[in-house]
């Protein structure tokens with residue numbers, strides 16, 4: 001089993017070359033002895049050739065350095081390949097860690113843009129109706145119909161497509177998105193498909209009129225994606241979830257199989 005040799009000694013040398021580091025972050029502990037004397041055990045096999053954080057909650061009781069300030073990549077033989085000192089309160093993802101290893105230049109990683117639910121200033125403006133009275137069939141050739149037990153939809157195999165729900169698809173546009181957001185409204189009504197959480201049934205939400213601007217009601221919006229002959233509707237409010245069907249289950253939100261997220265749009 002490989003052991004990590006003197007990681008903290010390496011960091012000590014790094015800090016000693018930059019003595020004014022402590023003045024930049026005045027809340028960090030300056031007791032180097034308690035920090036560098038921290039004990040560490042053998043490197044576990046599942047940590048070899050992977051990124052490790054010097055999280056001092058596991059190595060030192062007095063230091064306040066955290067995962068967000070120092071990231072180190074260590075090989076199986078304990079060699080430090082890269083060190084990165086990051087700014088405080090910076091959100092780090094696995095993709096950011098991959099960037100540390102792949103970048104030839106050392107630089108501070110910029111935080112990613114906010115999730116859609118936090119972009120409260122994003123406005124989606126009405127563009128035009130792009131489909132009228134269309135039918136949605138899933139990959140099993142089931143059509144979307146109303147479920148009369150409540151404001152829900154379900155999928156069923158129909159002999160007569162006149163029994164299927166007819167949808168109007170309305171396109172919207174915003175400055176922030178390159179994808180095409182749409183709403184799905186039951187034709188000749190003001191009932192709009194509204195996304196919910198994963199595995200929860202979509203709801204039919206009644207609006208007083210077709211919205212000209214959508215800002216807070218992003219549950220009504222779906223990014224329409226087309227791959228080959230199949231169509232997909234990804235929630236703007238929940239970007240990992242799609243409108244989906246499943247046998248003996250209401251139309252709901254899902255990230256993929258075993259639910260069916262593939263649809264075909266059938267024109268009137």
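FYI, residue positions are counted from 1 along the chain as it appears here.
Including glycine, each Cβ sits where the backbone N, Cα and C put it.
As written in Swiss-Prot, here are the features:
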- 102: N-linked glycosylation site (CARBOHYD)
- 141: N-linked glycosylation site (CARBOHYD)
- 82: N6-acetyllysine (MOD_RES)
- 87: phosphoserine (MOD_RES)
- 82-86: region 'Nuclear localization signal (NLS)' (REGION)
Mean of pLDDT values spanning the region 'Nuclear localization signal (NLS)' (82-86): 49
C-beta crowding around residue 141 (N-linked glycosylation site), within 10 angstroms: 10
